[in-house]
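Engineer: Feature annotation from TrEMBL assigns region 'Disordered' to 1-33. Among the features that TrEMBL reports, compositional bias 'Basic and acidic residues' is placed at 8-19. Summarising the annotation, TrEMBL assigns compositional bias 'Low complexity' to 20-31. Residues annotated as domain 'Amino acid transporter transmembrane' in TrEMBL: 43-451. Residues annotated as transmembrane segment in TrEMBL: 74-97, 137-157, 190-207, 214-235, 255-274, 286-306, 366-389, 395-418, 430-452.
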Amino acid sequence: ISLLARDNTSKPKSLDDGSKSLSESSSSITSERIHPAEEANGLSMMQTLIHLLKCNIGTGLLGLPLAMKNAGLLVGPFSLLAIGILTVHCMVILLNCAHHLSQRLQKTFVNYGEAMMYSLETCPNAWLRTHSVWGRYTVSFLLITTQLGFCSVYFMFMADNLQQMVEEVHVTSKTCEPRKILVLTPNVDIRFYMLTILPFLILLVFIQNLRVLSIFSTLANITTLGSMALIFQYIMQEIPDPRNLPLMASWKTFLLFFGTAIFTFEGVGMVLPLKNQMKHPQQFSFVLYWGMSLVIVLYICLGTLGYMKFGSNTQASITLNLPNCWLYQSVKLMYSIGIFFTYALQFHVPAEIIIPIIISQVSESWALFADLSVRTALVCLTCVSAILIPRLDLVISLVGSVSSSALALIIPPFLELITFYPEDMNCITIVKDIMISILGLLGCVFGTYQALYELTQPINHSVANSTGVYA
């Protein structure tokens, strides 16, 4: 079963199909029914939990100690907890709106973009009703931008770690001593490592069966769990006195914290597809609350302990602070394997939005070739983007501020307003939704500005994500 298979009807449809009226949309109900065989092959609660955890435990997690440094030892953990609670609440809003619209339209399932379009079609404002299809276009564009941004960061992270392991072989020791700053000249350009990874990722994204991917996802969770255990084992030893660390950082660096924190919650685009793929979708709320609670606790603990351990020397990825010994080199390898398989999960969202549009323009005999060609082109696009990116930490913050904040904090409350407003919403809910959307918008604008400003500044090689800097 393809990850977003139930997002579409049995025939490929372009985004222009979203402009159809509700009556025309209702005519496709039969083709979107779930057959018993499909339901029997749905995901179990454990499989869904595995996918949910894997979608939220990515490279952003390793950047949280630096995010805590940008916010402050006191402000950082509480702000991350607040953002986590708001993000989960917005996920629940999205689920409720999609469920309500599917019942109203008598459809089995509506995806994120369809939910936005159908809500605008029935809202009181005439202009929004006329341009309702642009709601779907906007969500689709943001999903594509966000998920491809994630994939580009994954590309950079894997290449960085591969280069670190190769370049530091001759200085790697059996004794795990704290790292010292030492500038090394890389023997091979990092772009070579990116091109080495490229063909393997292309082959990986050709896999479209989610049940097959669940096997890889399980392997990714195991390797990630092993690397996390080693990271926690190190950062919990001999923690320096934290009283010297600032409780609150400047507002400029806090904006970078906001972008990184939002980026870290990477699973918002996967919530509806995962629920749709469950054997018993009504159990998804329990899986969501349980899984995201584990994720938030993990985020706060790693970010806080990592910052307390490394203090002002905290780097863009916590792996850069680990000792240069064989034990902790294995952390990079295990986490890179986990990120490798997570790439395929995050890649599904933009692929399943773009590919149906392309396939609808070609004959059936060319459909498979077009499908594989688009997947290959998108992977190459993320590779090129990674080559052009100079700073891992700032790109994480930029992607989080620009598109992740819109999908996770701005759009869901707005969607709830236009979906339930005709049905007499109470004033508290209206005020709550407006406040969340304004908060997300402010974070988006100012976080984007600060990330772009930092990207235009000369690179300080002592803090850049250059592999050859740390030894």
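A Cβ is built for glycine as well, from the same backbone N, Cα and C atoms used for every other residue.
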Engineer: Quickly jot the same-chain residues contacting the transmembrane segment (190-207) by Cβ under 8 Å, restricted to those at least six beyond its ends, or write none.
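Structural biologist: Apart from its flanks, the transmembrane segment (190-207) reaches 155-156, 158-160, 162-163, 166, 213, 216, 340-341, 343-344, 347, 351, 372, 375-376, 378-380, 383, 386-387, 467.
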Engineer: Would you kindly list the residues that approach the transmembrane segment (255-274) from elsewhere in its chain, counting only those six or more residues past its ends and only Cβ-Cβ distances under 8 Å?
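Structural biologist: Result: 3-4, 7, 43, 48, 51-52, 55-56, 58, 60-61, 63-64, 66-68, 70-71, 76, 79-80, 83-84, 87, 90-91, 94-95, 98, 109, 111-112, 115, 143, 146-147, 150, 249, 284, 288, 295, 299, 345-346, 348-349, 393-394, 396-401, 404-405, 407-409, 443, 446-451, 454.
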Engineer: Residue list, the transmembrane segment (430-452) vs rest of chain: Cβ under 8 Å, 6 or more residues beyond ends.
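Structural biologist: Counting only partners 6 or more residues beyond its ends, the transmembrane segment (430-452) has Cβ contacts under 8 Å with 86, 89-90, 93, 252, 255-256, 258-259, 262, 394-395, 397-398, 400-402, 405-406, 408-410, 412-414, 416-417, 421.
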Engineer: Give residue numbers and ranges for long-range contacts of the transmembrane segment (286-306): same chain, 6 or more residues beyond its ends, CB-CB under 8 A.
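Structural biologist: Hits for the transmembrane segment (286-306): 45, 48-49, 52-53, 56-57, 61, 64-65, 67-68, 73, 76-77, 80-81, 84-85, 87-88, 91-92, 95, 228, 231-232, 235-236, 239, 264-265, 271, 278, 314, 318, 321.
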Engineer: For the transmembrane segment (74-97), which stretch among 137-157, 366-389, 395-418 has the most Cβ pairs under 8 A?
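Structural biologist: Looking only at 137-157, 366-389, 395-418, the most contacts with the transmembrane segment (74-97) come from 395-418.
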Engineer: Please report, as numbers and ranges, the same-chain residues at least 6 past the borders of the transmembrane segment (366-389) whose CB is under 8 Å from any CB of it.
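Structural biologist: Residues packing against the transmembrane segment (366-389) from afar: 12, 148, 151-156, 159, 191, 194-195, 197-198, 201-202, 205-206, 347, 350-351, 354-355, 358-359, 395.
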